[in-house]
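Per Swiss-Prot, these features apply:
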type: REGION; residues: 1-111; note: region 'Head'
type: DOMAIN; residues: 111-422; note: domain 'IF rod'
type: REGION; residues: 112-146; note: region 'Coil 1A'
type: REGION; residues: 147-156; note: region 'Linker 1'
type: REGION; residues: 157-257; note: region 'Coil 1B'
type: CROSSLNK; residues: LYS217; note: SUMO1 cross-link
type: REGION; residues: 258-274; note: region 'Linker 12'
type: REGION; residues: 275-418; note: region 'Coil 2'
type: REGION; residues: 419-493; note: region 'Tail'
Amino acid sequence: MTCGFSTVGSGFGSRAFSCVSACGPRPGRCCITAAPYRGISCYRGLTGGFGSRSVCGGFRAGYCSRSFGYRSGGVGGLSPPCITTVSVNESLLTPLNLEIDPNAQCVKQEEKEQIKCLNNRFAAFIDKVRFLEQQNKLLETKLQFYQNRQCCESNLEPLFEGYIETLRREAECVEADSGRLSSELNHVQEVLEGYKKKYEEEVALRATAENEFVALKKDVDCAYIRKSDLEANSEALIQEIDFLRRLYEEEIRVLQANISDTSVIVKMDNSRGLNMDNIVAEIKAQYDDIASRSRAEAESWYRSKCEEIKATVIRHGETLRRTKEEINELNRLIQRLTAEVENAKCQNSKLEAAVTQAEQQGEVALNDARCKLAGLEEALQKAKQDMACLLKEYQEVMNSKLGLDIEIATYRRLLEGEEQRLCEGVGAVNVCVSSSRGGVVCGDLCVSGSRPVTGSVCSAPCSGNLAVSTGLCAPCGQLNTTCGGGSCSLGRC
């Protein structure tokens, strides 16, 4: 879009306007401010008592100041010595179609909100960085605590190893005691086997003695039967002797009676006379001798047999008593040894159970320690991962912060460069002012004591932007319109 404008020199304006009047401002300040907006300079704050359409024909003595961010300029001029009449320009009575962009203020407000949001984000990033630093310190503290805790818990392993070594030594002692008790048990079993053999021998001897006793008893019975037979024979012989005695006595009595009845006594010298008394006496003596000898022999034999049997019975009874005592003693010894063996077995089983329980407890404690160690290692790994994530986020935040710092530094350098450029001397400044209240015409403007600048008024509708430049025109709008005052003398807008 081309913007043509007419040059207005410093002169005197007239106050006699019908609809369009030019008025000089009161003695005071004339300030034009500008705020940068996407490469377009927007100037605000022009004070001077303008109407809807007014043209300033002259300025009283005053001054202007620069108080804008991107480019600004103050204008001032000398007041005319008197008011002269001017001719009325009918073209000035035509209302201007400014076509101001209504979204400019909204865009500025959005810019402010975006700047606020960026500031809030920057503050949030700073807070997040601080929070991440605190979290980093907390994680470092936790890591140090877990490392110290791991070191403390790692000291438990030698204790468990010492306890396991003690249990192993006790198990070895128990095994040695078990071997010793096994050897003693074998010795006791050998002694027991010897006693069992002796007991079996004694039982065999007892059976032999009982057999001998039975045989001797049979012999005694036979002797007693023989004694009974001999006694019966002796009685029979005694009865027979008595019978024969009575018989001989009766025969003698009969013979004596016969002899006494005979009155003739014959005396004969017969040497062959039979003496029955002597014969009977001799027979009786023989029988008595035989009976006494038989009785004596039977009694002596019976007595000897009885003595032998009694001695054998006494001897075997003593042997049996000693055997019974030995058997009882062996039974007591067997019971005692059995009790000792049972006690040793119980003690061995208890020790084995204690060793097994100790091994199980050691295994459980070792597994628990390993599980705790694995949990701590997992927690440490997780903490390392969390710390790595936090470090990554922290690095990202620091990168974002660095980018923001670079942008801020870049903006600062740009602003400082622009201020430095503004502080330095500038050339001719073209001012294009358009607002909703009308156009502004400034003649022979001065910027900070520099050479006069030429002001121009765009009669065509503009976007409402005020542009001040040295040899360049800012865009006047988005529409393809031209300023009706003529062509731009310093360049195209």
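Note that Cβ sites are derived from N, Cα and C of the backbone, with glycine treated the same way.
Across the region 'Coil 1B' (157-257), DSSP classifies residues as 101 helix, 0 strand, 0 coil. With DSSP states grouped into helix (H, G, I), strand (E, B) and coil, the region 'Coil 1A' (112-146) comes out at 35 helix, 0 strand, 0 coil. DSSP labels the residues of the region 'Coil 2' (275-418) in these numbers: 143 helix, 0 strand, 1 coil. Averaged across the region 'Coil 1A' (112-146), pLDDT in this predicted model comes to 86. Same-chain residues at least 6 positions away in sequence with a Cβ under 8 Å from that of LYS217 (SUMO1 cross-link) are, in sequence order, ILE309.
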